[in-house]
Protein chains: 2
Amino acid sequence: MKSFDLSLYLVTDRSLSLGRTLEYIVTEAAKGGVTMVQLREKDCSTLEFYQQAMLLKECLRPYNIPLIINDRLDIALACDAEGLHIGQSDMPYAIARKLLGKDKIIGLSVECLQDAIDANELDVDYIGISPVFGTPTKTDTAPALGLNGIREIVKISRHPAVGIGGINRTNAANIILAGADGISVVSAITSATDPKEAALQLRSIINQTIKKTINQ
Amino acid sequence: MKSFDLSLYLVTDRSLSLGRTLEYIVTEAAKGGVTMVQLREKDCSTLEFYQQAMLLKECLRPYNIPLIINDRLDIALACDAEGLHIGQSDMPYAIARKLLGKDKIIGLSVECLQDAIDANELDVDYIGISPVFGTPTKTDTAPALGLNGIREIVKISRHPAVGIGGINRTNAANIILAGADGISVVSAITSATDPKEAALQLRSIINQTIKKTINQ
């Protein structure tokens, strides 16, 4: 049985790490309470990507936090990652599932309501609602969906959902209140002076907000 | 049993196709006698790469010509290509072999004598000696090895070898005479006004040269 917790999902970005290694960022984030980590690399060789994935796997093992690979099924297979995250321009879901097997986590980005409707036909493990807000970390994204976008998508989707894009401690609570199961962050942790402290603060906000929604 | 013919090996490059589709180039090249085709894509999405690979597989099926995917093991698996070509910065050979299985063709680029010595420890199916000459189609390559480089590498290598880099009909014979089992070309076919005719001419040069080396 696959079991994972979407509540605080870190997506890496080497260019936003202020010169620190991803191993450092990810280890600190793990200490601070992130529940999933996605390795995203767009400009390195396959060998570097593989080596980076193996390093992060080692960092995350003591914390039992799943490592998810962005886009690259070959890397996910090579490092036996816990899962793969695919976007609308990546490998078709059916093929990814066939090659990865049913025990791995597969997440899919949805960029509009129709994507989420289409995703209901697929046995993806979660959807990433993207982008929630405008974000400096990706320049090739669809228009921002906003909190209303999350509400609409969560209402029709049969999958657990995480919001991504421009999320930080000032708006994290609203993402959960809008119905998402978690938040996905890049720069809010990766570019923080103290990534562990940044994760702890987000963790605290999420825990309090989840408690509120349960008590409502 | 894997059986393949390295003698005239086309490597694609969409940017050198003069606006024509790769399906057109590859089909014409197949009619002209190419024996292997490698799909190389460096700037497209995984979805586009996969779709392009599926199209080329269809084009090549009637000719029984193997489709080899450059670098991307995920694409090779997804389209059930006949093989994978890896460079020194791609997936480590041992992992690629484990994931692809023993029945698929795996080629490895060697850029110097030491790479070829190291490759003797691996059960790769062929080596690509790269680059033989300076070439406009790749800008991130190692120094040109020249015909002497081919001779030295072929002498110590236990694998079939194909030369790549700056090869065209003016120098194709010399590559075979230097000991390679075949030539790999990009622009000599891809950028030709008539890709079928260009392949036929190269085919004829190779056949005549092989005949000469046998009669020696």
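For all residues, glycine too, the Cβ spot is worked out from N, Cα and C.
Keep in mind the model is a prediction, meaning the values are calculated, not measured.
Using a 10 Å Cβ-Cβ cutoff, A:Q38 (4-amino-2-methyl-5-(diphosphooxymethyl)pyrimidine binding site) registers 25 neighbours. If you look up TrEMBL, you'll see A:Q38, A:L39, A:R40, A:E41, A:K42, A:N70, A:S109, A:K138 marked as 4-amino-2-methyl-5-(diphosphooxymethyl)pyrimidine binding site.
Per TrEMBL, Mg(2+) binding site is recorded for A:D71, A:D90. Within 10 Å of the C-beta of A:D90 (Mg(2+) binding site) we count 22 further C-beta atoms, all protein chains included.
Taken from TrEMBL, the feature domain 'Thiamine phosphate synthase/TenI' applies to A:8-189.
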Applying a CB distance under 8 A toward chain B to the binding-site residues A:L39, A:R40, A:N70, A:D71, A:D90 yields A:D71, A:D90
Rounded Cα separation (Å) that holds between A:L39 (4-amino-2-methyl-5-(diphosphooxymethyl)pyrimidine binding site) and A:D71 (Mg(2+) binding site):
9
Restricting to the same chain and to sequence separations of six or more, state which residues have a Cβ under 8 Å from that of A:N70 (4-amino-2-methyl-5-(diphosphooxymethyl)pyrimidine binding site).
A:V11, A:Q38, A:L39, A:R40, A:E41, A:L84, A:H85
Calculate the distance in Å between the alpha carbons (Cα) of A:S109 (4-amino-2-methyl-5-(diphosphooxymethyl)pyrimidine binding site) and A:D90 (Mg(2+) binding site), and round it to a whole number.
10
What is the interatomic distance between the Cα atoms of A:D71 (Mg(2+) binding site) and A:K42 (4-amino-2-methyl-5-(diphosphooxymethyl)pyrimidine binding site), given in whole Å?
9
Tell me whether A:D90 (Mg(2+) binding site) sits in a helix, a strand or coil according to DSSP.
coil
